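> One structure, as structure tokens, below. Some questions next.
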Amino acid sequence: MELLNQLKQQLQTLDDQQLIRKRRTVDSPCGPRVRVEGRELLAFCSNDYLGLANHRKIKLALQEGAAIYGVGSGASHLISGHIRAHAMLEERLVQFVGDHLEAPRTISFCTGYMANLAVITGLTAGDKQAEIFSEELNHASLIDGARLSRAKTQVYPHADLPALEALLKASKAATKVVVTDSVFSMDGNLAPLPQLLALCEQHDAWLVVDDAHGFGALGAQGHGVLEHFNLRSPNLVYMGTLGKAAGVGGAFVAAHETVIETLIQKARPYIFTTATPPALAHALLTSLDLLEGDEGIARRASLQALVAQLDEGLRLERWQRLPSKTAIQPILIGDNAETMRAGAALYEQGLWVGAIRPPTVAPGTARLRVTLSAGHTRQEVATLITALNALALERT
Ligand SMILES: *Cc1c(COP(=O)(O)O)cnc(C)c1O
């Protein structure tokens, strides 16, 4: 069949470029130690930054949620699938980020990917002349949201405030939407949000902040990047995910109540999908309590100590560290094949570290992406440091 042959050829091309990806089936809960193909591995690749994904209290809450609400929600939010647990989650989330917004309200989503599609299409839906200004290193879901919106989109270079300012000045659009990751997912560094927000206020633009890697992990109370920078503005539209530091799944958007009402009315990724099982929302209430409470504070402190330990311990001869103070600690290698060899060598030693290649990152910037979790011990991080230092000495 010619159609199949075409696909096979495309896959072969990927393989020739060392770009074929393989899934590994995990036989244990998410955690620092996982079982894969009969081996126990030390994992440094999940986004479970606080080690909550397998937390006893959240698991009990999920069971309780199923007992109260059953399993499926049965319909989309606008039909009959908006269950009490979803409403409670949205109200609780206002307490997390409401201090940073005007007339705050939140809306929950099945995934962060869908939340991003919804925000960007929703904010631009009513204005054919709307313009989007998108940071170069933005997550794929933000890029896809801009594409789906069909609005004119200009990409500004990474963290380049003067370039963004020039674009905003030149724009005649009534609706301007600046879109950025807060913590860049493959680099680990923070966007210059205070300066970005000042620019947006000056030019009457929305600032959409994707805090997938900050929510729960940043800020004294785990409220995320807005707490970290102490920002407050009616121009802010905040997206937080609930499957990373929060350890469960789903996402939410927080903004002025008028923005949220607009999303409810217009955002197709919200309207045309079945609401998440309400038990997940119920479990999230426990996760949010943990994030805000003493346990969250202690877990964020351990995570920061592990980040410092890695920073002090790594002595990489040939490879470049990227300047990150977050749980995302990339090691830039450059070449796809060398990156894959390094990842495979670690794996052989029982260390599971993500090897990231294009198109997830720019060509020539393949890297190992180490992610740390409060669930790791100092000894485990020491094991990783020793292995990486030795590997960076070898000629491969
Ligand atoms: C993970 C991620 C998302 C998507 O969130 P999901 O809930 O996994 O769909 C969006 N933006 C960024 C920056 C992310 O890292």
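Any Cβ shown, glycine's included, is placed from N, Cα and C.
TrEMBL feature annotations, pasted as is:
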BINDING   Arg21, His139, Thr360  substrate binding site
BINDING   Gly112, Tyr113, Ser185, His213, Thr241  pyridoxal 5'-phosphate binding site
DOMAIN    40-388  domain 'Aminotransferase class I/classII large'
MOD_RES   Lys244  N6-(pyridoxal phosphate)lysine
> Spatially, which candidate from the recorded positions Arg21, Lys244, Thr360 is nearest to His213 (pyridoxal 5'-phosphate binding site), comparing Cα atoms?
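Nearest by Cα distance to His213 (pyridoxal 5'-phosphate binding site): Lys244.
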> At its widest, how many Å does the recorded substrate site span between Cα atoms of Arg21, His139, Thr360?
19
> Tell me which of the recorded positions Arg21, Lys244, Thr360 ends up closest to Gly112 (pyridoxal 5'-phosphate binding site) in space, Cα to Cα.
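For Gly112 (pyridoxal 5'-phosphate binding site), the closest Cα among Arg21, Lys244, Thr360 is found at Lys244.
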> Which of Arg21, His139, His213, Lys244 has the fewest nearby Cβ atoms, counting only those within 10 Å, among these recorded positions?
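Each of the recorded positions Arg21, His139, His213, Lys244 was scored; lowest Cβ tally within 10 Å is Arg21.
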> For the binding-site residues His139, Ser185, Thr241, Thr360, which sit with their CB under 6 angstroms from an atom of ligand 1?
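His139, Ser185, Thr241, by Cβ distance under 6 Å.
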> Work out the three-state DSSP category of Gly112 (pyridoxal 5'-phosphate binding site).
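Its secondary structure by DSSP: helix.
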> Please tell me which one of the recorded positions listed here (Arg21, His139, Lys244) sits closest to Ser185 (pyridoxal 5'-phosphate binding site), measuring Cα to Cα?
His139
> When you put His139 (substrate binding site) at the centre and draw a 10 Å sphere around its Cα, which of the recorded positions Tyr113, Thr241, Lys244 have their Cα inside it?
Tyr113
> Just give me the nearest neighbour of Thr360 (substrate binding site) among the recorded positions Tyr113, Thr241, Lys244, Cα to Cα.
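Of the recorded positions Tyr113, Thr241, Lys244, Tyr113 has its Cα closest to that of Thr360 (substrate binding site).
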> Tell me the coarse DSSP state (helix, strand, coil) of Thr241 (pyridoxal 5'-phosphate binding site).
strand
